[in-house]
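J.: Sending over a structure as structure tokens; questions will come in a sec.
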Amino acid sequence: MSEVRVRFAPSPTGSLHIGGARTALFNWLFARHNGGKFILRVDDTDLQRSTEESMKGILEGLKWLGIDWDEGPIYQSQRLEEYRKFANKLLKEGKAYYCFCTKEELEEMRKQAEKEGRPPMYTGKCRNLTKEQIEEYLRQGKKPVIRLKVPQQGKTVVHDIIRGDVEFDNSTFDDFIIMKSDNMPTYNFATVVDDYQMGITHVIRAEEHLSNTPKQILIFEALGLEIPQFAHVSMVLAPDRSKLSKRHGATSVQEFRDQGYLPEAIVNYITLLGWIPKDGEEIFDVSKSKKEFTLERVSKNPAIYDVQKLTWINGHYIRNYDLDKLTEVVIPFLKAKNFIGEDFDYDYIKKIVSVVREREKTLVDVADAMSYYFTEVYEYEEKGVKKYFTKEKVVDILKKAVVTLKEVEPFNKFTTEEAYRKLVEELQISSGELFHPTRLAISGRTFGPGLFDIMELLGKERTIERIEKAIDFIQKMRK
């Protein structure tokens, strides 16, 4: 096989969404698996809707996911002369023609078709204009579109690696436009010219583009160019099998990033939207998918987006991430919540991250779980107050805990646990009667990391202060 060359061609008219990210990833994995090239092309011929901000977001999203490109970004808006050159070639060879029909004429054709129960199609009115007629229209200042002469009989077959052969009757196509009256190419025409000039061997894209493919094949054939191989991946649907949209929660890469998902978890999850490794494992790193990825293993069936599964995968990565890397990516979330400023103790944060990460699913969760290390506990979980602070002996137990902790030296998780175990025996109570109200007193919460980990990280002074504050709270509550 000649060198594999694939492309991802986003339009900079919005965010990089999960479907687009998956298309980019599948192209990238296919290129890396085959030792080929991944090209980034920007379909920005819609100048009114394309924005620099969108393009910047798409590039940042790809980089964040670890999807690097070998060539590009190549902007269609900078290649307009190339499209005009190929359109002129088709005009010269009689495979395309100028069409001067007005909006009113086209509307009349649509109405007539509707009246006759036919699908609305261009009638080919300008297909056989004479050279003199064309020159006269141009002299009058009329601005034509250019239409492709589509064969009116036969079939166009899409040989799709994922879906098999898909046939289209040529009679269902009219002579579609390849160049607009403002001299801009249509999507299908620009795509064909680009794919040819960039040497694209495989076009891997979403199923929604399948209807464009026969038109692109007709353009390839008219230009006498080699047709690339096609692979159309299934749609990503919402859990109710409707089209995925904002009402189903986060759908853009930036939103996932802001909500504290790790790029490795996103890549792992979106790889599973249509592909699975040979061993059926659901947690795998990108080196494994690069090694195993083939289009033959991509499913034809729609992929169902499941945010709970994504969050579960993200939790796995948080628990197993390199601790320094995890600390670095948590820090911006701590800053955003004003838990820390620019001057912070990295080693202290790292220690806290190491104890809180076991239970958390996102970086936002990790940051929230760290709150009581940086801010005072101003309120206690209501269910904890009812369950632990209303017990008759709790004040006496906590007072004895303060006396005990004041004597502990050095103050760490081992010495505090030893002291607490002895106190439990001395008071002849269950460990829960001491441990649970202490946890609530020093963290404001009923669940979290190990109690003695929390004590060590808070330090002796803050631990005792918080227990004393809780005693005061309980006594006031009882008055």
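Residue numbers in this text run from 1 along the chain shown.
Using N, Cα and C of the backbone, Cβ positions are placed for all residues, glycine too.
Swiss-Prot lists K246 with the feature ATP binding site, giving sequence analysis as the kind of evidence. Annotated motif ''HIGH' region' per Swiss-Prot: 10-20, in sequence order. Residues or ranges marked as motif ''KMSKS' region' in Swiss-Prot (evidence: sequence analysis): 243-247.
Each of the listed features needs to be described in terms of its position in the shown structure.
T.: Residues of the same chain lying 6 or more positions beyond the ends of the motif ''HIGH' region' (10-20) and with a Cβ under 8 Å from any Cβ of it are 42-44, 46, 49-52, 54-55, 57-58, 61-62, 206, 235-236, 244, 251-256, 270, 273, 305.
Summed and averaged per residue, pLDDT over the motif ''KMSKS' region' (243-247) gives 75.
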J.: Counting only residues 6+ away from its ends, which parts of the chain sit with a Cβ under 8 Å from the motif ''KMSKS' region' (243-247)?
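T.: Residues packing against the motif ''KMSKS' region' (243-247) from afar: 17-19, 235-237, 305.
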